[in-house]
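Colleague: Could you have a look at this structure, given as structure tokens, before my questions?
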Amino acid sequence: WIMGHMVNSIEQVDKFLDLGANAIEFDVDFDDDGVAKYTHHGIPCDCGRLCNKYAVFTEYLDYVRQVTTPGDPKFRKELVLLALDLKLQRISSEKAYAAGVDVATKLLDHYWMRGKNGGRAYILLNIPLVKHYEFIRAFKDTLRKEGHEQYNAKVGINFTGNEDLDEIRKVLEKLGEDEHIWQADGIASCIPRGTERLKKVLEKRDTPGYKYISKVYAWTLVRSSIMRRSLSLGVDGVMSNYPDIVVKVLKEKKFSDKFRLATYADNPWEKFTPI
């Protein structure tokens, strides 16, 4: 999975797909009451990027629904995963539940269309810290109350704050969640980061019987040398400001035999087991 990073304006969606992304990540900004308002990152952000591009959240969902609905004139078959970077750290953790209700409702109304020809992409909920876990409970509660639990099959969870892996596991156990789990490791592109935690994450993923990590991605990678390092370790995904560079690296002999771009037929919630 090549995840285009910080794709926050509507016109950026197709640009990142044209560069080779098959997944996009966008920031969801909330008001003080936990209402999702905009796709917006703000200052500071990654080096070399414009931090203030944005769209109204519901309008953005309307657009990506079209891009991921077969038969729609805007349909792009390559876009298979939407990663919502939920900016919950900007609001009180007591509002995490309200935020989960709001995001689930807006996805039902503007993306899934409550079963009437909605978008088909998988949804990854990127949650900053384990203390925001009530967002997940609220999201699942809302799908159940609204009679649309079928969409749980399309939804995955990821904690992005580089926290202790055992603390993350404990929270997932508390929530009763042991599937559809990604684990990210990374930092803003301007700052160097070693591989110590990433190696631990991959080791957990590859431990037989360990349920709390199915897929792993590294972020935000901009240099081809760091992309090679992460791919050599065996990540499932790379988040980048430059999907075209990831595409070039994947074509190198060392990686072209081992990796290919994920398509809609690939399940993003299953552990990959090489044949």
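Every residue gets a Cβ built from N, Cα and C, even glycine.
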Colleague: Going by Swiss-Prot, tell me which one of Cys51, Cys190 is disulfide-bonded to Cys45.
Modeller: Cys51
Colleague: Asp72, Asp85, Asp102: which one does Swiss-Prot list with Glu25, Asp27 for the Mg(2+) site?
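Modeller: Among Asp72, Asp85, Asp102, only Asp85 appears alongside Glu25, Asp27 as Mg(2+)-binding in Swiss-Prot.
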Colleague: With H, G and I counted as helix, E and B as strand and the rest as coil, say where DSSP puts Asp85 (Mg(2+) binding site).
Modeller: strand
Colleague: If we count other C-beta atoms within 10 Å, could you say which of the binding-site residues Glu25, Asp27 has the fewest?
Modeller: Asp27
Colleague: Please give me the recorded positions out of Asp27, Cys51, Asp85, Cys190 that lie within 10 Å of His41 (active site, nucleophile), comparing Cα atoms only.
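Modeller: Near His41 (active site, nucleophile) by Cα: Asp27, Cys51, Asp85.
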Colleague: In the structure shown, which of the active-site residues His5, His41 has the fewest other Cβ atoms within 10 Å?
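Modeller: Output over active-site residues His5, His41: least Cβ neighbours within 10 Å is His41.
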Colleague: Would you mind pulling the DSSP three-state label for Glu25 (Mg(2+) binding site)?
Modeller: strand
Colleague: Hey, how far is Cys47 (disulfide bond) from Asp85 (Mg(2+) binding site), Cα to Cα, in Å?
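Modeller: Cys47 (disulfide bond) to Asp85 (Mg(2+) binding site), Cα-Cα distance: 18 Å.
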